[in-house]
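**Q** Just passing along the structure, written as structure tokens.
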């Protein structure tokens, strides 16, 4: 679904956008959020993309960065402590309409002894229905239950918990084609159509528990504006409980902006561009982490997919894994090699000043990268079970592809295709499957990152 319940049923929302005066105008203009628009039809013939890709999900062509009134593109306002609900909106009484589904913006009714809410479709791996529990111990084992100690430089005494993904299921899907704007894309809305159908048919995500924001919809609350995106992010994580499974999917333009708080070793924050970014500004990774990651309690799964450029660390998750399932850390050897090459080059020229300057620059860069990495583990580690799949590294672009005559994002296609071919894969197997789907056509490298140290040999559940 792609509408919101009235504010009396939805207390959350970003306090900064739109301003209070604009909120009042919007409430006067839209006295109720109305009925949901018709659902997207199922998308068939999801075939491999053609080559070459017609475009890139990079920066929208424009002079400079979009205007914004603060370092992170939003008007600052007092924020509640992490783990608390966002400020209340002024209540108002909408016209009478049937009540929304209990799962949409509300806690589901209590059903003691009802068992897990999700048992999986045939072939889909769950913690209780997979090859490993049926005796094939060469298959990926399901995630453990209970708390797991962190280690790996995380705060001492801290623990996290894997989600078994049997609880409440909610999804936020955002696709922006930027109609009528420079840098218009073609496949982002199709990505949302395909993903919503896949989640509904294969993982039992109910349509009424999906918020869909695309710029082809007439309902103003369904447009992917900055205000709507931020409000929907708050809705997604509201009232989350252990073993819930939340899903976030963004397909659109992504980019980078100078980092102002020192949490990025390359000096740039990753951003996404709402449909109204030229007026409202972009959304920075720090803000997405604050809204969608930090409030989550232990045992809640958030699966995030960013099919956009420069998206490798779009949620600022500190644990990034290679296709060998190994935790990536700052590559000091690579930096050392580059630094040594510069020193040797300067020595060969007899330029002692440059040699010293190059050596000192390398030391500072390597030290800064290691310090940033350690600080990220201390401040961005989470007890929740947050997994992010991104279409490219921070320095790469992502392809806007054509799939059997239909425009779509390469990562969105590869993710669904890889899971359909083999639903019972470990994390590292799925990462390699996605990479293999992309490898024959594109240079982009998919990324897997997590909010906690991850055993990549465990069964991937969702």
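Cβ coordinates are placed from backbone N, Cα and C, and glycine is handled just like the others.
Sharing the features that Swiss-Prot gives for it:
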COMPBIAS  1-21  compositional bias 'Pro residues'
REGION    1-150  region 'Disordered'
COMPBIAS  22-33  compositional bias 'Low complexity'
COMPBIAS  49-69  compositional bias 'Pro residues'
COMPBIAS  77-102  compositional bias 'Pro residues'
ACT_SITE  253  active site
ACT_SITE  309  active site
**Q** Have a look around residue 309 (active site) and count the other CB atoms within 10 A of its CB, chains all included.
**A** 28
**Q** Tell me, how many other CB atoms lie within 10 A of the CB of residue 253 (active site), whichever protein chain they belong to?
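**A** Result for residue 253 (active site): 29 neighbouring Cβ atoms inside 10 Å.
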**Q** How far is it from residue 253 (active site) to residue 309 (active site), counting Cα to Cα, in Å?
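**A** Between the Cα atoms of residue 253 (active site) and residue 309 (active site), the distance comes to 7 Å.
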